[in-house]
Every structure is written in structure tokens, then in C-alpha cells.
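Below is one structure, written out as C-alpha cells, with a few remarks after it.
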Amino acid sequence: MAIKISHNLGLEIWNNNNFIRSNKTHLNFSGKLGYCLSKFGKTRSFSVMEDLKTSSLLAPEPVKNYSQELDVAVRAVQLACSLCQRVQNSLISKNGDGVQSKDDNSPVTIADWSVQATVSWILSESFGSSNVSIIAEEDIQNLSKAKAGGILKDVVKTVNECLAEAPRFGLKSPKMALGTTEVLEAISRCNSLGGPAGRFWTLDPVDGTLGFVRGDQYAIALALIEDGEVVLGVLGCPNYPMRKEWLNYHHRYHRMISKLTPPTSESWDKGCVLYARRGSGEAWMQPLLHVNKNLVWPNSAKPVRVSTIDNPSLATFCEPVEKANSSHSFTEGLAHSVGLRKQPLRVYSMVKYTAIARGDAEIFMKFSKAGYKEKIWDHAAGVVIIQEAGGVVTDAGGRPLDFSKGIYLEGLDRGVVASAGANLHDKIIEAVDASWDSSSL
Ligand SMILES: Nc1ncnc2c1ncn2[C@@H]1O[C@H](COP(=O)(O)OS(=O)(=O)O)[C@@H](OP(=O)(O)O)[C@H]1O
Ligand SMILES: [Mg+2]
Ligand SMILES: [Mg+2]
Ligand SMILES: [Mg+2]
């Protein structure tokens, strides 16, 4: 029997090289012990717990703070949020005209391609294109088709309008407007394969495109992965209000046909950007930079922390809106057996990760249909933000999500569970085990 520390800094129990399960407490080590792990690779095996205490490996922690990468990433996501807000408003006024279907029937819009081109261009300009490797959701196949000619034109226009605003965000604009070829290049450059070694960015230009086209919640998610670990994450949530109280208001606002008068723009503070750096023990939230409000960079940022609620009867869980993306009936059964009494918060996109990191909800669960493989860009940024805000994220077997295997979260056990704390998390994981066999998943 051996105890290993996983890359997620939780404990794992192994027997003769067979994984048994993760520890129940999901200890969140930091500092010196974290350094040992980073120095010795993804897992470090200790035959007995004593080794942890007596280990002579406790050397000073090296500083690798990714501050430049984080700074550029936050600015790029702020800029992308402003792009999306404009496109969302115009899509809604065009009654959905401008939404394309991909081969798997999922929606894609001008915003998805434009954000991908813009962020790709900014990262390349900031760090040098030969140093930047990106995995992102969109490709140019659909965009290059003859019938998408009008859309391609709109994408080029949107990217250039957006990049013209870059200096307001402390970023460089191109000297001349980008041409169609450059925009297509910026999109198609995001074709890294990822994997266990080296550094790459992962981008979901619009996560929750369905929410986006419905005028509801969506997110822009950018993360940096190094040697298979997510080292920083940024989540832009343009419709997620700075203050939780406005969330309900926002929901009603979008679901009601008759328009309510929104609160005054100052108190509304619609939209936020969350970010975190691995190992810092901190996660931060900025308000959106509203270009038309004449705000200057840098915005104020405040720390966010997960909820302290660990009593299931007081906890709220969130999950995808669409039943096709996660089984509502399975989570309903889980909620019942764990003693979760509140109505689930169903929200599009990685805004769910934001809700947990900010303490607006306590649990996030996603159980996709068998055969669906989760993609790294749908989780990377959210995972590091929740972990640094004090929460726990694992698969349903209690193991860390593995970002080192390419574009998919290979080996994911049943589903993704994120919680504000270890107590709640363990209860959910146990309940999954207890009810899985009788589920139809
Ligand atoms: N069949 C299936 N099962 C599970 N997940 C799927 C599936 N199809 C797509 N996707 C991915 O889900 C992303 C949206 O997840 P959400 O949690 O926002 O779902 S929901 O829109 O609230 O229902 C969505 O991200 P975006 O494409 O960026 O919107 C997809 O990557
Ligand atoms: Mg997505
Ligand atoms: Mg997307
Ligand atoms: Mg998509």
C-alpha cells in the first residue's frame, strides 16, 4: 500500500500500482510541500505517511509567478468580454440571425470566431508567435465555406473593431487593420495538441454558446497549462453581476418577455472577470471594464473565496441548463440522498465555476452521457480558480482532472464534481458511488 500526492495536491491510495481511491480530506498543501511536488514531478510516492513529515526535501519554494502571462491574459479576456457584449446585443436585435450550426449541431457565432482570433493575435503579439501554443475550440472549416462569406466578413470587421480598442486595456493594436488571411491564420493557429510536456494555452472563446445566443449567461475561458498542470486561469463572465443579489434579477430580466427596468448602471455592475494563479492560495475578481464608461485600467480587483457552508441542507448545487449535457435526474437523486434541499441553480457555461469560487453556490456537478468526452477548455480555467479560492474539484471517483492528455479530459471517471469544501465533496462522491449502478448513465 502506498500513499501518493497527486498533481492536484490531494492524497491517493495505491496498492501494487493499482489506484484504490483519493483521500477523503483532499488536503490542500501549499508552500514547501508544493515545491517538493513540482520538483519531483506529477506524483511522489511515500511508503508511509511518516515520510511526509521527515522528508528532507523541504527546500525553499521557487518563485514562478507567471505575472506577465496573467496580466496579458486578464486584459485579453476583458477585451474579449467587451467584444462579446457588443455581438450579443446585435444578435438579439437580429432575432438569432447569425447563428451557425457545426457538424455536431452545436451553435457557433461571430463572437466565437472573433474572440478566438483576437485572443490568439494578442497572445502571439505579447509573447512572440513562436513561443505561443494554443488549443481552442473553434476551427476555420465552417468559416471558410463559401456560404459563410458574409460571416467571415463580419468576423474580420468585429476583430478589427475590437483590436482598435486594445490600448484602452493596455494592449497593443495592430499597426494596420488585419486582413482576412491574418484573421483566419490567428484562428487556425490554435491547433496545438497539448499533452504532458511544455506550455500551452487553452481557450474557450465563448463557453455556453447556447446561453450566449439566448441572451443569457456565457463565459470566456483562458488558461495556461504547463507540464500537464493548469498554472493560471481567467474566466470572463460578462452577464454575471458583481453582486450575487443581482443574479436573480438578471435571470428574471432575461426570461421575461416584458422588459424590466434594470438597476442604474452604477449599481448594476454587470459582468466580472475572475482569475487565479496556481499555488497562490488566492483568486481575484475584477469588474468588467466598460469602455463607454471611460474607466481606465487597472480596474480594482478584490479577492474571492468559496462559501463556508458545509451543511448540505443549506447548500446550493449548480448544473448545466441542458439535460442533454448533464443528467438532471441523476443529480436530483444525488441531491436527495445527500440532503441537498435547495433548488438547483441551472446556469449556462463556466459561470457555474465562478458561482462556486465566489461563494454564490456550494456544489457544481456535471454528468454527461456515456461516450461524451469532456474537453480541457471547458474546465481548465474554472478548476484552478475554484482550487485557489479554497474549493475542491475532482472527477466522480475523487481523482483530479487530467489536463495532460491532449484536448480531452481522458480517463475522467463518470463526471465532474466541484465543491466549496472537502466535507460536501466527500458526501457527493460517496453518493455517486452508492447510486451509480442503478442509474441509467
Ligand atoms: N453532449 C454533451 N454533453 C456534455 N457537454 C457537452 C455536450 N455537447 C457539448 N457539450 C459541452 O458543454 C458545454 C456547455 O456546457 P454547459 O455546462 O454550459 O451546458 S448548458 O449549456 O448549461 O446546458 C459546451 O461548451 P460550448 O460549446 O463552449 O458552449 C460544450 O463543450
Ligand atoms: Mg465550452
Ligand atoms: Mg465554446
Ligand atoms: Mg461550442
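Yeah, the Cβs are placed from backbone N, Cα and C, and that goes for glycine too.
What TrEMBL says about a protein is an automatic prediction, not a curated fact.
What you see is a predicted model, and the numbers here were worked out from it, not measured in a lab.
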Listed co-binder of Mg(2+) (same site as Glu137, Asp204, Asp207, source TrEMBL) among Asp378, Asp395, Asp402, Asp413: Asp378
Around the Cβ of Asp207 (Mg(2+) binding site), the count of other Cβ atoms that are within 10 Å: 28
Other CB atoms within 10 A, centred on Glu137 (Mg(2+) binding site): 23
Check: same-chain CB within 8 A of Mg(2+) site center, minus Glu137, Asp204, Asp207, Asp378: Leu203, Pro205, Val206, Ala221, Met350, Lys375, Trp377
For the binding-site residues Asp204, Asp378, the one whose C-beta sees the most other C-beta atoms within 10 angstroms: Asp204
Cβ under 6 Å from ligand 3: qualifying binding-site residues of Glu137, Asp204, Asp207, Asp378: Glu137, Asp204, Asp207
